[in-house]
Amino acid sequence: ERRKEFESNLQKAGLELETEDKKESEDGKIFFVKIHAPWEVLITYAEVLNIKVPIRENDIPCRVENPLDCMLFPLRLPEKVMHPEPDYFTAPFSKDKQELYLIQDENTFFSPSMRNRIVNYILTRCPYGTEEGKKKFGIKRLLNNGTYTAAYPLHDCQYWKKANDPNCDNERYTLYMEWARFLRFYKEQPLDLIRKYYGEKIGIYFAWLGFYTEMLFLAAVVGLICFLYGLFTMDENMSSKEICDPAIGGEIIMCPLCDQECDYWRLNTTCESSQYSHLFDNVATLFFAIFMGIWVTLFLEFWKRRQARLKYEWDLVDFEEEQQQLQLRPEYEAKCTQKKRNPVTQEMEPYLPVTSQAVRFCISGTTVLFWVSLIIASMIAVIVYRLAVYAAFASLMENTQTLQPISGLLTPQLATSVTASCLNFVIIMILNFFYERIAIWITDMEIPRTHMEYENRLTMKMFLFQFVNYYSSCFYVAFFKGKFVGYPGAYTYMFNRWRNEECDPAGCLIELTTQLTIVMAGKQIWGNIQEAFVPWVCNWWGRRKARNNPENLYSRWEQDHDLQTFGALGLFYEYLEMVIQFGFITLFVASFPLAPLLALMNNILEIRVDSWKLTTQYRRPVAAKAHSIGVWQEILNGMAILSVVTNAFIVAFTSDMIPRLVYYYAYYENEDSPMSGYINNSLSVFLISDFPDRNKPKDNPENFVICRYRDYRYPPDHERRYLHSMQFWHILAAKLAFIIIMEHVVFIVKFFVAWMIPDVPADVKARIKREKYLTQKILHEYELEKLKERLCQGDKRATEKEFIATEGRMELSRAM
């Protein structure tokens, strides 16, 4: 009954319907209803949706040729692929001015993406009856209640071969051959063709992803140089030399790293890990942290310019999201039974009472807070795991002969860090899986008014959760681990049971690097498996029977029906994945200069995986307009500012750079080699007889009298024994001063760069003004011609005043 009513109303709206009987379908179970929008429907709704159409070919000269174009030729795609249509001056469509537009063929005047937008607009608002006293409408509701199983626009051909119809543009085939194959990874993207086939919203995503990947190339090169600097200067590092020296590190006895079960150990057992930590903890780290602070500003500012150029080229300059994004959601109209007058339009509109909104927001906020608390609880559980298994690893490695050869490389600290990072990654993925569904449910429950409001609310919920989920473990290692340990005899304990972790004598930076690498690389590998492998397997399984049928028995609509659904939130997840990656390469980049290189390699693959799955594995999504990346721009700006702070704190508190510099300038003991003696200076002395029974190891076979620990405290024979020494306060003051200076320098440079680079290129501003002027002139000339015709035909309504007014508008247009 619902279907009958709905299809009847669609036909009343002017659409043409054709039903394929289930006997004709491949499985003999599914009816297919094919919808065609005739010319009258297209021109009616093109005016409603304010769609811009061509009025004259653009005669503004193209930009000056780039002298580097000949070098970039191998990266270019054929001109017909890059620019499938000429550039036109455009104007909003009006039924009354059809002669004004370049209508050569009514069948091809509106592009397929425009046509499917118009049809989708009608489908989402078409009523199908009244149930429980409420007016029901929209295809989405019919899909949810099972009246229909799917609704989708068709691809224009097979992706691996051209269509038999000579009039078909074969855009899907072109996109696959020139864009979606991995062997084309070095080629530019055909953004105009993507926009023409999939719509502006998907086009702007790929434009942003491509631009981000291009900018990552610079960051990856500088990061690689910094890493190579650490690699080549590894042998010159005085700290690791002293740790590895049997006469220095071999003679320094360190205090046990856990209570009772752990033994005293010699410092040179951490020789290899101290050498590897120099790869990431060196002078280049400071340079790279400052560089990335400036790089992120350049990226965001140049993207604004790129976006402004796309807005002009794609006719989005006057698009303020009102056409699709600011329209009321059908769900909002259906669920809000109360109405009030709109102060702008003076029309009655549905609205949600303030009390209902407040209750819904309270439930939503409480739910988000509960899940964020759950993440923090899981992180504490991982920390407890680290503390609980450390002693087990230490005992296992000491007593297992087979592990002796690799004991220098695989220390108890590293083993604990690696296993805890893997456990943390698994917990992250499990929490993500459940929260995604909860976030969509609570956003639906809030009943947002518009599509834009819905996306923004869901984005903020998901991003807040993902931010805490992915970065909490990195924040713990960077800013908390090893900072609240206490000292031998007065250790601090979590829940009065587990002793807090200490950093390696070479610093905590190598552990932060390990954590970052595992979570970042694991997420990227898992993401690509989810995005490419899962849809491919589902499609392969769904089409296993139909694959053997000839094409005339396995129709275009059936083939597309067997594909996966991209969904309204498909792009949302793509943006979320990239923004989380952006956080990894900016917030913690001081600890891992190779992070941009990993991100670059992933993104080169990501572009091709996304394009491949969209072209081959998914039904064609409904085209949608968008003139920017939306709320993600503000999130990226916030992360850019936060990254300066986090990197300043990592360099100051997580790396050993500041203590080394303080020693180099103020506490050195040898003028010829200022860094010699640094390791001995950075370790405090503890009298073993002062150990309480809770901490004292069970055995002391070599009868050690003193042991060393990582801190700056007075020795046991000093009057202020075990209290922080003056050097500790000097280092702390230097760290705080460094943070203030680095933040201010980077922020000043960031804001200066942002001020220097205009958001809209000068040539684009000039072209926008020129196009507006010419478009107005063309429209006014058209009106003038129509008036002249009416005057010649003796139309009394075409008065002289009207004629003069039209000429006056033309003069005003020229003056403007």
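Using the three backbone atoms N, Cα and C, a Cβ is placed for every residue, glycine included.
As annotated by TrEMBL, domain 'Anoctamin dimerisation' applies to 1-191.
The domain 'Anoctamin transmembrane' feature in TrEMBL is assigned to 194-771.
Residues annotated as transmembrane segment in TrEMBL: 205-232 (among others).
Remote same-chain partners of the transmembrane segment (283-303), defined as residues 6 or more beyond its termini with a Cβ less than 8 Å from a stretch Cβ, comprise 208, 211-212, 215, 218-219, 222-223, 225-227, 229-230, 585-586, 589-591, 593, 596, 633, 636-637, 640, 643-644, 647-648, 650-651, 655, 657, 742, 745-746, 749-750, 753-754, 757, 759. Summarising the annotation, TrEMBL assigns transmembrane segment to 283-303 (among others).
Among the features that TrEMBL reports, transmembrane segment is placed at 368-393 (among others). Panel annotation: around the transmembrane segment (368-393), residues 257-259, 261-262, 412-413, 415-417, 419-420, 423-424, 427, 431, 435, 438-439, 442, 461, 464-465, 468-469, 472-473, 476, 494-495, 498-501 of the same chain, lying at least six beyond its termini, place a Cβ under 8 Å from a Cβ of the stretch.
Look at TrEMBL and you will find 413-435 (among others) tagged as transmembrane segment. Nonlocal intrachain contacts for the transmembrane segment (413-435), taken as residues 6+ away from its ends with a CB within less than 8 angstroms of a stretch CB, comprise 257, 273, 371, 374-375, 378-379, 381-382, 385-386, 389-390, 393, 397, 462, 465-466, 469-470, 473, 477, 504, 510-511, 514-515, 518-519, 522-523, 526.
Annotated transmembrane segment per TrEMBL: 462-479 (among others), in sequence order.
The transmembrane segment annotation in TrEMBL covers 579-600 (among others).
The list of residues near the transmembrane segment (635-655) in space but at least 6 beyond its ends in sequence, with Cβ under 8 angstroms from a Cβ of it, reads 281, 285-286, 289, 292-293, 296-297, 300, 459, 463, 477-479, 483, 507-509, 512, 579, 582-583, 586-591, 735-736, 738-739, 742-743, 746-747, 750. Residues or ranges marked as transmembrane segment by TrEMBL: 635-655 (among others).
Annotation source TrEMBL lists transmembrane segment at 728-757 (among others). Residues 289-290, 293-294, 297-298, 300-302, 305, 640, 644-645, 648-649, 651-653, 658-659, 661-662, 666, 711-713 of the same chain lie 6 or more positions beyond the ends of the transmembrane segment (728-757) yet place their CB under 8 Å from a CB of it.
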Beyond the flanks of the transmembrane segment (205-232) by 6 or more, those residues with Cβ under 8 Å of it:
188-189, 191, 194, 278-285, 287-288, 291-292, 295, 298-299, 302-303, 306-307, 310, 571, 574-575, 578, 582, 585, 589, 593-597, 599-600, 603-604, 606-607, 610-611, 629
Average the per-residue pLDDT over the domain 'Anoctamin dimerisation' (1-191) and send me the rounded value.
84
